[in-house]
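Trainee: Please read through the structure below; I'll follow up with questions.
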Amino acid sequence: MASFSLIRSSCLLVVIMASSLMLAFAGNFYQDFDLTWGDGRAQILNNGDLLTLSLDKASGSGFNSKNEYLFGKIDMQLKLVSGNSAGTVTAYYLRSEGSLWDEIDFEFLGNLSGDPYIVHTNIFSQGKGNREQQFYLWFDPTADFHTYSILWNPQRIILSVDGTPIREFKNLESVGVPFPKNQSMKIHSSLWNADDWATRGGLVKTDWTQAPFTASYRNFNASACVWSSGASSCSSTSPSTSGSNAWLSEQMDSTSQERLQWVQKNYMIYNYCTDTKRFPQGLPPECTATNTS
């Protein structure tokens, strides 16, 4: 198929269509996202290279992608709310529509100055979640931008931070676990007040004298199958083992497995798969299946 490129402002958007696979290398928030709520608290700056969300006592703010995706490798750089961020939540996730929705979550739970953020992750399939894993980070996520990635292909979901995997959720339909694979999802992000639960179970409230709270975004990149008019830009017959299509069958190598184990040993603070009190009738089947994370 023909390839084309479009230059807008100082940003280059290249869409390459090859073997019926669309890969979007995107860096312009004007072209890729809609500001969906917040009455001006969400802003696109620097000719589309930077997006900020703000929260004050009246409202938070949010945005979502113009495109819907059915499988992809999504990267976004975030710099989280600094200082006393207790009570605030910065959410960055993929989600489909409807009552039986699919969803892949990063949620960043703010904390008092000097105390660590909590990275709250969850995966919903057909409207069912309850698959929470929580982590501390090994750096200060408010001092600079860091890359938060979602790899979603038909075999697995991998959540990564700066290229280090923190969580893997495998396709275990073979043992009756629903896996997100049939519903297209948009990228969403929001900054909002959740001081009824976010920090120490709601014991620490948002300090509105510190408002406005601001989170910043840059360097969005999606190598993905775009879903439009009921069809995917990816052909099921396309080769997916070489070149730019490789993410469709990507899995962790031994080094990535070691990094995942390092994170889960040293930085995981909650894992639903070990919470026997929560599941007195037995842990969910994906928790006891062989070689799951």
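Glycine residues also receive a Cβ, built from the backbone N, Cα and C atoms like all the rest.
Not my notes, these are from TrEMBL:
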type     : residues : note
ACT_SITE : Glu103   : active site, nucleophile
ACT_SITE : Glu107   : active site, proton donor
DOMAIN   : 23-217   : domain 'GH16'
CARBOHYD : Asn111   : N-linked glycosylation site
SIGNAL   : 1-26     : signal peptide
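Distances, neighbours, how buried they are, the whole picture for these features please.
Mentor: Glu103 (active site, nucleophile): 18 other CB atoms within 10 A of its CB, across all protein chains.
Long-range neighbours of Asn111 (N-linked glycosylation site) (same chain, six or more residues apart, CB within less than 8 Å of its CB): Ser85, Ala86, Tyr117, Ile118, Thr199, Val204.
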Trainee: Check the domain 'GH16' (23-217) for me and report the mean pLDDT.
Mentor: 95
